[in-house]
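The next block holds one structure in the form of structure tokens; read it before the comments.
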Amino acid sequence: MWRRVASLSSFLSSYSTSFVAQTASRLNTWESLTTRIAQQANGFIAPKEKTPFITFVLGGPGSGKGTQCIKIVETFGFTHLSAGDLLRREIDSNSADGAMILNKIKEGKIVPSQLTVKLIQKGMESSDNDKFLIDGFPRTEENRVSFEQIIGIEPNVVLFFDCPEEEMVKRLLNRNQGRVDDNLETIKTRLKVFEALSLPVINYYSQRGKLYTIRARGTEDEIFEQVRPIFTAFEACHVSTMILSIHLLSPKMVALLQARPHTIPWILHFHCSSKSKKNRNQKQLQRRQFQHHKKPALPFPRSSPTPLVIRHKPLIQTKVDALDSVVKDLEASVKNGMVIDSEIYSSLLETCYQLKSIDHGIAIHSLVPPNLLRKSTGISSKLLRLYAASGRMESAHQVFDEMSRRNESAFPWNSLISGYAELGQYEDALALYFQMEEEGVEPDRFTFPRVLKACAGIGLIHVGQAVHRDVVRKGFGNDGYVLNALVDMYSKCGDIVKARQVFDNIACKDTISWNSMLTGYIRHGLSVEALQVFRGMIQEGFDPDPVAISTILSSFWSLKIAAQIHGWVLRRGIEWNTSVVNALIAVYSSLGKLGGASWLFHRMPERDVVSWNSIISGHGKHPEALLYFEQMMKSGTSPDSITFVAILSACAHLGSVKDGERLFRLMRNKYMIDPRMEHYACMINLYGRAGLIDEAFNFIVERMEIEAGPTVWGALLYACSIHGNIEIGEIAGQKLFELEPDNRHNFELLMKIHTNAGRWEDVERVRQMMVDRGL
Ligand SMILES: Nc1ncnc2c1ncn2[C@@H]1O[C@H](COP(=O)(O)OP(=O)(O)OP(=O)(O)O)[C@@H](O)[C@H]1O
Ligand SMILES: Nc1ccn([C@@H]2O[C@H](COP(=O)(O)O)[C@@H](O)[C@H]2O)c(=O)n1
């Protein structure tokens, strides 16, 4: 405790002496509340409770990552965690995932992220060190996001060993360590994977100002001379981190600190990693200094202090865990009679919203004095938004009703409108918009897109037109953000011509504008216009995003267009984007080009459940469907309900009744997927096609847990028509006539059954039913 006060005082001394004294004296009362946060902010006070310093080491295969890591460890005392080594160790330990990992490594592909992150996490937790070199990770965006989600921290430094491809290939072929992936074929895939999946991660860190690129050619020592200054500089600056953190606070926060010094730990907690301009400038300065290999003239903070505490055995927390600790401390402090500043409540509620943590929001709500909640627009607006975003509209509305100054801004209204619109309660969303007008609250640019979403949802074009008039009247007629929402509203309400007019009037179109128009045309079945928009988008220099590309691909079952788009995708170098490949597989499969679909599938660097579903559906009439399904299970990707529709339907086409029954059981018992109407229809199809009409009928009567719909009865009627089962065909027909009274196809099928059996009276009876229904 004493050390904590002393250290806190020492860093504050550079700021204000009276401030220090006050803070130190208040620290006793604040002990439980502040300890964790002060430690988080102040990495150097207690050696055993530090924030870890994380370095990601990236680069192509054979760029020399491992070699340089050994040198960094020797010189700077880091703990080296090589993702590849951890995976190889997992194989050697005969773990359940060993075979799958070995396959991935042999193929040069990426192991599912969760698994790798868990191994890294274990490695970090079992080390007493707080400086980690994580080598060969993250290899993909999914790796990166998984790390952030599971470990909850970002790296301080990202090293990128940039090495020419031919040099990397040469080194790998000479490595001689008996690795299964050091052969030309795997190396080729690894290089492709690196380009398609790892380069985006490197770009990401470059944009975040964390990337240090090392030219990885030359001798090992020459390369290390580029690496050395980076860590030397970071070590030199370690101690000054905290002082700078204080200076990086916004003027508003500094004023708050002076007025209410006890709030400092909270503010540090939430603002240490803020991206202030000053902070960015500092980082730029730091980078420039590194680039010139000089010691920095000014101290700088760690590149991204994290809000987590690492104890003796580093306890890796997620952001939600950290929030949990803070809320618990807050509860204890309130219980002890402490008065909490409204900005703290509001800041915490903002964090709850960002982390989608409604339970913590509810806990904080219970701590806010009702009077403060009513009076503080900041707290109530954020609480209301949190409730609305999590679909708790009753609680949101209650907070709204009790707000004393809710008409001062559109913010609380927007949150409520948004909440209702997201839940599909469009009438309530619109009612609020009109109430807003009645109460004289000015809508803002965020109000309209939410209201227009409600108009689109309800499909009332005249209400949408009225809102459009308001948009113009209130001066938002040129606001691209609002106009995009208008395009979407008109297209969803059926007026695609008006949608186009609005689209043409958007002066600065962005990707969303183009995508809204594109999906509008596709929704209206106007494929030619959609393709024109797609081409226009490219001509105007907008890269259609993977969603647009897959949308356009899935609306054109034309080999020529698919090939053109495929060509464009190749030229843009995004041919291995997972959703693009998935769409290409679906298109090629549906056009009967199963060879092309399989070629893509086998070469894609990373597959998701959609990839598997596409290839299984594509092979719906071929025995390979079952093989793909088995491979999918081995790969560690969990099938979803669409997978089972695809595989059950394949079993039906292949006449594999036993497999179908087994897979239906597997879906329920292993994957806990409740069968939906489509699955039941597949089962009826399975029995029906195999001529097991009684089994199909009994399945409907005895095993269905939901009322059978037209797809189920339709499958049964179809089976009866193939196998000439008059009795059950008549039952299925009668059911369908009730469910789909104007579907002439059902009548025709039943007539066919009776015709084949020479039952002319029944044919006439069914024909008369058709006439009576005006069919
Ligand atoms: N500067 C260098 N010049 C020549 N050879 C080097 C150099 N650096 C490393 N090597 C050699 O190249 C091979 C690959 O290096 P290393 O294993 O460090 O690469 P890596 O990036 O970790 O590869 P991977 O991603 O495949 O694990 C090793 O045999 C290593 O001794
Ligand atoms: N994040 C990672 C890292 C590695 N792999 C797999 O291991 C292979 C070897 O990795 P090296 O770093 O030792 O070259 C790599 O090709 C991948 O198969 C992974 O999946 N994810």
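Heads up, the Cβ atoms here are built off N, Cα and C, so glycines get one too.
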Same-site ATP binder from ARG139, ARG144, ARG175, given that TrEMBL records GLY62, SER63, GLY64, LYS65, GLY66, THR67, GLY218: ARG175
TrEMBL annotation, ribonucleoside 5'-phosphate site containing LYS109, ILE110, VAL111, GLY136, PHE137, PRO138, ARG139, ARG179, ARG190 - matching residue among ARG88, ARG89, ARG215: ARG88
Contacting binding-site residues, sequence order - SER63, LYS65, THR67, ARG88, ILE110, ASN143 vs ligand 1, Cβ under 6 Å: SER63, LYS65, THR67
Candidate with sparsest Cβ neighbourhood (10 Å radius) among SER63, THR67, ASN143, the listed binding-site residues: THR67
Those binding-site residues in THR67, ILE110, GLY136 whose CB falls under 6 A of ligand 2, listed in sequence order: ILE110, GLY136
Cβ neighbours within the same chain of GLY62 (ATP binding site) - under 8 Å, at least six residues apart: CYS163, GLU167, MET168, VAL169, LYS170, ARG171, LEU172, ARG175, ILE187
Positions whose Cβ lies under 8 angstroms from the repeat 'PPR' (409-443), at least six residues beyond its ends: 377, 380-381, 384-385, 387-389, 391, 393, 396-397, 400, 403, 450-451, 453-455, 457-458, 463, 467, 470, 474
Same-chain residue ranges lying at least 6 outside the repeat 'PPR' (577-611) that approach it to Cβ under 8 Å: 109-110, 140, 142, 189, 192-193, 196-197, 546-547, 549-550, 553-554, 556-559, 562, 566, 569, 617-619, 622, 635, 637-640, 642-643
Spatial neighbour of GLY64 (ATP binding site) that is closest, considering only the binding-site residues ARG88, ILE110, GLY136, ASN143 and their CA atoms: GLY136
Listed binding-site residues among ARG88, ILE110, PRO138, ASN143, ARG179 whose Cα sits within 10 Å of GLY66 (ATP binding site): none
